[in-house]
């Protein structure tokens, strides 16, 4: 199947269109909210919440006996919130650290959820099949009403973000200052946490409990590399998330036996990898290039200052010297000499070199001031 | 009890002990989430190992999966060292991606692999006794019992051999390094043991229960003691207790054994979290309330000392001028009366000799802020609690 054909199919085929739209919206909303989770150093909270939502799904099913996805998600939301606030309680009231609290709630809630799920499976209720799709997610089960729900939540989330933008931003970077300004930090905190939980719960059906945390983190971590501005980061994260959803769906649809959730996560992972390597200001590649450049610069300066010390001993600074005497000097290469010549610091005459007056001046001021024409 | 039941409980208990030992150190070193990451990211290792060996219990598979665990740790530390993202984000990025690779590997080769993601994550302890180990045709017991037994023996051996090093590097990494123990060796040693334990146990109890068995008993024990040896013993006891009671809960509910063991761990933690003598929530809340009252009492006594005029010392004044609620002013007044700090005469409060002494001591402490004064004060404050 080639690309144009696939794009045509996205617009005509109901299932494919629903899934593509659903995963794109999901990626956008988790990317947006994930930015806050990453910057608040709560990256693993997503993992804990998504696991903690499982017993809620099971209990909601046990109570209603029906598999209405909205009610199940409501159960997941409540149980996820309980898990989140219990984690906070453990961290603030006991000496257990945040990682222990996260791991504890994650595994205990998940285990309890599994107990309930296996218990439900033994019940004589024909309805129960398919509850385990929440474990690993099945994008194929998305229907139009799910997409509508996602869009509504995304719209609400956007509205709240715009409305409380300044509060969220200031709480993110200076919580104490926010308090002194008279903002109700508890309320803002609960608001943003609730939306993060809501986004996670929405994604459970599509990518599942286990992989949900990556959906939250990966777009945000990738976006973080490209900018230092919160607004741009949230926007970029939403774009990365949406594209992970679209590409992930396309790749899994074009192959057999490829579930959508893991593919989306891997696509998001590729975004992160590219961002880590190629981001201009923070990326590993440019960091390495800058590092090498600085080292070369330093070597050039070292050679120049070595020449300067030799030239100093003569009355005429342009007194020629043999190139040979440079050979024992570390950091000297033919390349650096050529570079110095090109900068008009040094003149070469056969096998002899001499400093120009410009080179002498630069060398004498080398460690006194920042020269502007550095490499 | 049939022999299969005994075997299941034995395996569960051994897994609980094998997890509690490295788990204690993970919790103390603030690396609990690493165990969660390892438990997920061993999946591709298991799948590749399974392609090669075609046997879920082969030592090569355990070895390959354990290496994946170490790779996870190294990757997380590498990403963390680049400074591009924080440590927790690094963990959160690495394991879902490795897990996804594992899931896709399974899905693409579904026809040749008799391996289920559910089985890896959740395990099925109930089937463990059916997989027997035959040595020269003689049935010597379930395979997983032998595997986890071996891992446990090695873990205990390493624990006794390196207890001192582990202890010192956990609580003071700088001192350990200056004394010549390499923190890196101990760190990766611990990571290796955690990874091997996770892999060895996943077949029997599933990866998620391994995380629960590592973190929950240790965290529960940590709320009860601050002594490392005692913490280890408590953690092991909690683990074994949950394993056995969890088995019977599952038996009764006819549900997943791993799920019920985790549920028992959760209940145990909840109990201790609420009722632990010094660090439980109820104790902490009670102490906070006491401290609030004590501070109020001190403020009140100092106020009395500073004002000789009667209208400032009227009982009703407490509500009006110091902005206290009725309930609080009543508790404070009663507490002060009970300790003979004040006398109330016709609604006018005045300090007794004892109260005066106390306030001057308190002032003395507030002004000098010397430690020697604190010791004395502690005794005084203890009086009020009684």
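From the backbone N, Cα and C atoms, a Cβ is placed for every residue, glycine too.
Note on TrEMBL: of B:144-163, B:284-303, the range annotated with the feature transmembrane segment is B:144-163. Of the given residue ranges B:109-129, B:256-276, TrEMBL assigns the label transmembrane segment to B:256-276. Sequence-distant contacts of the transmembrane segment (B:231-250) (same chain, at least 6 residues past either end, Cβ-Cβ under 8 Å): 5, 8-9, 12-13, 15-17, 19-21, 23-24, 28, 125, 213, 216-218, 220-222, 224-225, 256-257, 259-265, 268. Through the fold, the transmembrane segment (B:90-107) approaches residues 33-34, 36-38, 40-41, 43-48, 68, 72, 75-77, 79-80, 113, 115-117 of its own chain, all at least 6 residues removed from its boundaries and within a Cβ separation under 8 Å. Counting Cβ pairs under 8 Å to the transmembrane segment (B:170-190), the stretch among B:6-28, B:37-54, B:202-224, B:256-276 with the most such contacts is B:6-28. Listed by sequence, the residues of this chain that lie at least six past the ends of the transmembrane segment (B:6-28) yet keep a Cβ under 8 A from its Cβ atoms are 34-35, 125-126, 128-129, 141-142, 144-145, 148-149, 151-152, 155-156, 159, 166, 170-171, 190, 193-194, 197, 200-201, 204-205, 209-210, 213-215, 217-219, 221-222, 228, 231-232, 235-236, 238-240, 242-244, 246-247, 257, 261.
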